[in-house]
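**Student:** This is the structure I have questions about; it appears just below.
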Amino acid sequence: MKFALFSVLVLMLIATFVAADDCPRICTSDYTPVCGTPSGGRRSANRTFANQCGLDSHNCLNKGDTYDKLHDGECK
């Protein structure tokens, strides 16, 4: 009985790690800005992200509000 309970707990733990998203949640504080433009032809302003990791993290966590990299540097 103990082995069965232990096995179930291990499987649940593995499933939790597999189901976890792979979004970067912690980015460095290096300020190497990138300008992003809304994906999919949305009509909203370009947005400056602190770095590429910030843009990637935003896109991963906000599937309906993604940005494509327009260029390095701040948006004008």
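A Cβ is built for glycine as well, from the same backbone N, Cα and C atoms used for every other residue.
Below are the features I grabbed from Swiss-Prot:
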{"type": "DISULFID", "residues": "Cys23-Cys60", "note": "disulfide bond"}
{"type": "DISULFID", "residues": "Cys27-Cys53", "note": "disulfide bond"}
{"type": "DISULFID", "residues": "Cys35-Cys75", "note": "disulfide bond"}
{"type": "DOMAIN", "residues": "22-76", "note": "domain 'Kazal-like'"}
{"type": "SIGNAL", "residues": "1-21", "note": "signal peptide"}
**Student:** Across the domain 'Kazal-like' (22-76), what is the average pLDDT of the model, as a whole number?
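**Tutor:** The answer is 94, the mean pLDDT of the model over that range.
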**Student:** Look up Cys60 (disulfide bond) in the DSSP assignment and reduce it to helix, strand or coil.
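**Tutor:** Helix, per DSSP.
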**Student:** Can you tell me how far the Cα of Cys35 (disulfide bond) sits from the Cα of Cys53 (disulfide bond), in Å?
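**Tutor:** With the alpha carbons as reference points, the distance is 12 Å.
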**Student:** By a simple count of other Cβ atoms within 10 Å, which of Cys23, Cys75, the disulfide-bonded residues in the record, is least packed?
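**Tutor:** Candidates: the disulfide-bonded residues Cys23, Cys75. Fewest Cβ atoms within 10 Å: Cys23.
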**Student:** Roughly how many angstrom lie between the C-alpha atoms of Cys27 (disulfide bond) and Cys60 (disulfide bond)?
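**Tutor:** Approximately 13 Å lies between the Cα of Cys27 (disulfide bond) and that of Cys60 (disulfide bond).
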**Student:** Around Cys35 (disulfide bond), how many other CB atoms lie within 10 A of its CB?
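**Tutor:** A 10 Å sphere around the Cβ of Cys35 (disulfide bond) contains 19 other Cβ atoms.
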**Student:** Where does Cys53 (disulfide bond) sit in the DSSP three-state scheme?
**Tutor:** helix
**Student:** Consider the disulfide-bonded residues Cys23, Cys53, Cys60 and say which one has the Cα lying nearest the Cα of Cys75 (disulfide bond).
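**Tutor:** Comparing Cα positions, the candidate nearest Cys75 (disulfide bond) turns out to be Cys53.
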**Student:** CB neighbours of Cys60 (disulfide bond) within 10 A?
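**Tutor:** Its Cβ has 14 other Cβ atoms within 10 Å.
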